[in-house]
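Everything below concerns the one structure shown next.
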Amino acid sequence: MEVQRSLEQEKTSGKDDADTIRTGTLWTAVAHIISAVIGAGVLSLAWCTAQLGWIAGPITMLCFAVVTYISASLICDCYRSPDPITGTRNPSYIDAVRVNLGKKWTWLCGLLQYVSFYGTAIAYVITSATSMREIQRSNCYHKGGENAVCQTGTNNFMLIFGIIQIVTSQIPNFHNMAWLSVVAALMSFCYSFIGLGLGFSKVIDNRGIKGSIVGVPTRSAAQKIWLVFQALGDIAFAYPYSIILLEIQDTLKSPPPENQTMKKASISAIVITTFFYLCCSCFGYAAFGDNTPGNFLTGFYEPFWLVDFANACIVLHLVGGYQVYSQPVFAFVEKWAIQKYPESRFINKFYAIKLPVLPALELNLFRLCFRTLYVISTTAIAMAFPYFNLVLGILGALNFWPMTIYFPVEMYIVQRKIGAWTRKWILLEGFSMVCLIVSLLGLIGSIEGIVSAKLA
């Protein structure tokens with residue numbers, strides 16, 4: 001999602017869609033996909049491998065890669081309707097749902113999107129606070145040694161992050177600033193490569209590879225099953241990019257047909273991303289073994305300056321990422337309020353505030369109140385459920401089946417006019433049902449983990 005707004009910068013709109021100039025190529029699409037996929041989800045993959053073990057962990061990631069490519073291929077063909085090559089363009093995911101499945105499913109799709117945006121904002125509060133805490137802890141251990149008492153909570157850091165978001169949410173057109181996506185993508189690559197390098201270095205220092213075939217041992221088989229389910233949810237969070245796939249495809253020039261270019265871009269990006277994910281997860285597990293932390297960057301304390309820099313990159317990335325996910329929610333609610341109450345001064349009147357040096361800021365009371373309450377609510381929920389892996393697992397499970405599998409499968413069936421109970425229909429629906437089961441397992445495991453954590 002960090003690249004969603006930068007996609008608009010690649011297109012110069014004319015009078016209508018036919019006049020829009022598209023300059024995107026195979027390699028720009030690959031870059032957008034990689035930038036969109038690699039993010040906070042990569043931090044949990046070493047923990048996932050630790051729960052699944054040396055065999056099941058990498059195999060599960062490869063399976064999710066294959067599923068993601070199949071889903072991407074189905075969505076690519078829905079960019080144009082009714083014909084995938086000559087039909088009318090659907091420049092966004094929700095446009096494709098509207099054209100192929102109708103108004104009822106469009107409402108459901110929109111609801112799921114906004115729930116996903118809200119949930120991701122909560123996850124970003126947790127992740128950012130964890131990184132802030134790790135900066136403090138690494139400095140503490142560096143100054144006081146390994147035996148220093150450096151245990152600190154995350155609530156104060158969540159409040160700090162929330163205050164930052166209250167301020168940034170009032171900046172006009174913050175989500176449209178071209179530099180936002182560039183900075184976010186650069187930061188995600190920085191902390192991911194640093195984590196990979198630190199893991200590789202620790203394996204060398206250990207002079208051996210930790211871990212086992214069955215993963216982390218547990219007190220009971222039931223506990224092991226719950227942890228495996230949670231790992232499935234976390235991996236599901238890390239992979240899919242279906243929501244922005246059509247927006248990326250809408251930047252591509254043709255000929256060749258956009259769906260052909262996008263399929264090539266998808267397989268290239270997924271191969272690169274999967275290789276990177278496998279390296280991060282495997283080196284993280286090899287470095288820490290049964291003690292692999294939920295966020296693998298939290299396991300390193302030296303060199304402290306590099307660890308601090310990596311965690312600072314995460315915070316900078318998520319400050320912008322929070323706004324990228326929240327601005328669509330802000331826009332939807334504020335547009336609805338304006339249409340519902342066109343005469344309300346509280347909703348429609350703007351007040352110009354002149355600040356020293358800075359340009360004048362237009363302040364709207366409704367926007368101030370709503371966005372502030374929105375940030376407060378995400379921060380409060382994050383403080384109540386500060387469980388990084390479990391929150392990612394719930395988000396991944398909730399989004400994986402409906403947004404990545406169900407809608408693409410159903411749109412493809414409608415577009416290609418595939419008859420019920422034909423061989424192709426059975427294969428597609430069977431594929432959808434298997435993914436539904438995986439999604440439910442991840443959701444159940446993550447919910448059980450949160451309940452257990454709260455009761456502990």
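Don't overthink the numbers, they just go from 1 along the chain as shown.
Cβ atoms here come from the backbone N, Cα and C positions, even for glycine.
Note that the structure is a prediction, hence the values are computed from the model and not measured.
Checking TrEMBL for transmembrane segment across the ranges 294-315, 426-447 points to 426-447.
Same-chain residues lying 6+ beyond the ends of the transmembrane segment (394-414) with a Cβ under 8 Å from its Cβ atoms: 41, 67-68, 71, 74-75, 77-78, 93, 96-97, 100-101, 105, 109, 112-113, 115-116, 119-120, 123, 232-238, 240, 242-243, 425, 428-429, 431-432, 435-436, 438-443, 446-447, 450. Contacts between the transmembrane segment (266-288) and the transmembrane segment (54-75): present, as 3 or more C-beta pairs lie under 8 angstroms, all at sequence separation of six or more. Counting same-chain residues at least six beyond the ends of the transmembrane segment (26-47), those with a Cβ under 8 angstroms from any Cβ of the stretch are 1-4, 6-7, 10, 61, 123-124, 127, 181, 184-185, 188-189, 192, 195, 199, 231, 234-235, 237-239, 241, 244-245, 248-249, 251-252, 261-262, 264-266, 268-270, 272-273, 276-277, 280-285, 287-288, 292-297, 314, 317-318, 321, 388-389, 392, 396. Distant neighbours of the transmembrane segment (368-388): 43-44, 118, 121-123, 125-127, 129-130, 154-155, 158-159, 161-162, 165-166, 169-170, 294-295, 326, 329-330, 333-334, 337, 449-450, 453-454; these residues of the same chain sit at least 6 beyond its ends, with a Cβ under 8 Å from one of its Cβ atoms.
When Cβ-Cβ distances below 8 Å are used as the criterion, the transmembrane segment (148-167) is approached by residues 125-126, 128-130, 132-133, 136-137, 140-141, 315, 319, 322-323, 326, 371-372, 375-376, 378-379, 382-383, 386 of the same chain, each at least six residues removed from its ends.
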